[in-house]
Amino acid sequence: MFGAMLRYLIGISFFADSRFPWATLTINLLGSFLLAWLTSYVFKKVRLSPHLSTAIGTGFVGSFTTFSTLSVETISLFQDGHNFLAMVYVLVSLLGGLTMSHLGFKVSKEVQKS
């Protein structure tokens, strides 16, 4: 619930007037990094109960990011005739999400070394 509320606040605070779904893209990329970093570093370093780790990872980060919004916004871009933007959005979301997850894991490894 808190993740979804934060997603909404970021969307209306920073990206309300944009035709391109910058809010969802930014949030999904940040969430990809955050979930990878949490699971590969924080949850190993800080002793949390499995229930609390799941609540933070799946609950907060899962509700912060959203695949359904990505899907709906992509279809809307196609329906509005913005085919190129729709394709760019999907590609950047997918490749960017994978890249940010990779960076999250990489940062956690570097932090663990030091």
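Just so you know, glycine gets a Cβ as well, placed from its N, Cα and C.
As annotated by Swiss-Prot, transmembrane segment applies to 23-43, 52-72, 84-104. Taken from Swiss-Prot, the feature Na(+) binding site applies to G62, T65.
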Going along the chain, which residues six or more apart from T65 (Na(+) binding site) have their CB under 8 A from its CB?
-> G3, R7, I27, N28, G31, S32, L35
Can you count the other CB atoms that lie within 10 A of the CB of G62 (Na(+) binding site)?
-> 17
Using DSSP reduced to three states, classify T65 (Na(+) binding site) as helix, strand or coil.
-> coil
